[in-house]
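So the structure is just underneath, and the comments pick up after that.
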There are 2 protein chains.
Amino acid sequence: MKRRILGIDPGSRICGFGVIDIVGSQRHYVASGAIRTPQGASLAERVKVLVDGIHQVIDTYQPTEAALEQVFVNVNPAATLMLGQARGACMTALVLKGLPVAEYTALQVKQSVVGQGKAPKEQVQFMVVTMLNLSGTPQADAADALAVALAHANHSGGAIGQLARSGLRVKGGRLV
Amino acid sequence: MKRRILGIDPGSRICGFGVIDIVGSQRHYVASGAIRTPQGASLAERVKVLVDGIHQVIDTYQPTEAALEQVFVNVNPAATLMLGQARGACMTALVLKGLPVAEYTALQVKQSVVGQGKAPKEQVQFMVVTMLNLSGTPQADAADALAVALAHANHSGGAIGQLARSGLRVKGGRLV
């Protein structure tokens with residue numbers, strides 16, 4: 001059975017998404033993009049745009065599993081709360097479609113895709129382009145989402161991945 | 001047309017809900033309770049419990065509008081992010097059922113229900129019991145949710161409420 005992974009990079013204003021296929025040891029690009037929530041809109045309106053957008057992506061590309069970046073900001077409590085709200089809405093959108101959702105920190109994504117956790121953003125984008133054999137560099141949020149999907153593909157290929165797909169819970173690439 | 005308000009007090013672990021009817025100038029208690037998310041569960045699992053719980057409340061009591069407490073914690077970024085995620089999931093659950101959602105800060109709820117923003121929790125609970133003519137004191141999270149619903153009833157009874165229900169956006173009792 002073909003595995004198709006939807007990676008999500010949640011943000012308060014822009015939510016990146018990336019879809020890849022795993023065929024044997026190869027990863028193929030399917031689609032990527034960003035969902036933009038209207039500036040100055042209420043939380044209710046932004047949540048609706050986010051959830052409708054994610055559901056449209058799921059309905060169109062029919063992924064078999066999802067990976068959500070574990071965000072963390074420390075700028076100020078208001079920004080952290082807003083980001084948390086967006087992430088909660090993304091998680092809800094995925095869960096309501098019955099997708100198993102793995103979570104990875106930015107550090108884990110970088111370690112998995114570049115080989116070291118402190119890699120700059122450009123290096124992550126370069127590796128996404130290389131690994132998926134893309135003809136151009138995707139927009140930053142889309143590239144981040146593709147990186148999350150690739151990290152999940154790398155983490156879930158082995159024994160842990162098999163167990164995770166059989167119903168056990170994986171968080172940050174480890175069974176919990 | 002009878003107005004039935006669903007108040008929600010979102011929390012990372014416990015989400016309080018309270019349903020009241022507005023009949024003329026009177027408010028009647030309909031139902032209240034709390035949705036508890038399993039400790040140590042993944043975000044995906046907790047979000048599912050939250051959304052299923054809220055949808056069950058909506059399907060059972062058929063509210064015509066909702067009011068969500070605007071939470072704010074400053075303890076630490078991780079707690080703030082978790083609370084944000086829970087709040088985002090609650091908002092998503094309400095929006096997906098097509099309910100108009102007003103938002104009120106804890107300060108606004110206290111001002112509206114007790115008359116002053118720095119009222120202790122016990123005084124809010126006392127006023128909830130008095131205003132809704134309850135025979136006992138509801139559990140703390142349920143009482144908070146009923147207070148949010150009462151605050152919305154108070155704010156939305158006048159001209160602003162009429163406009164809000166006609167489709168304009170209300171945040172914290174003010175048109176925005």
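The backbone N, Cα and C atoms fix where each Cβ goes, and this holds for glycine too.
Residues or ranges marked as active site by TrEMBL: A:ASP9, A:GLU69, A:ASP141. The Mg(2+) 1 binding site annotation in TrEMBL covers A:ASP9, A:ASP141. The Mg(2+) 2 binding site annotation in TrEMBL covers A:GLU69.
Secondary structure at A:ASP141 (Mg(2+) 1 binding site), as computed by DSSP, is helix.
In this structure, A:ASP9 (active site) is part of a beta strand by DSSP.
Summarising the environment of A:GLU69 (active site), the number of other Cβ atoms within 10 Å of its Cβ, over all protein chains shown, is 24. Under 8 angstroms separates no C-beta among the recorded positions A:ASP9, A:GLU69, A:ASP141 from a C-beta of chain B.
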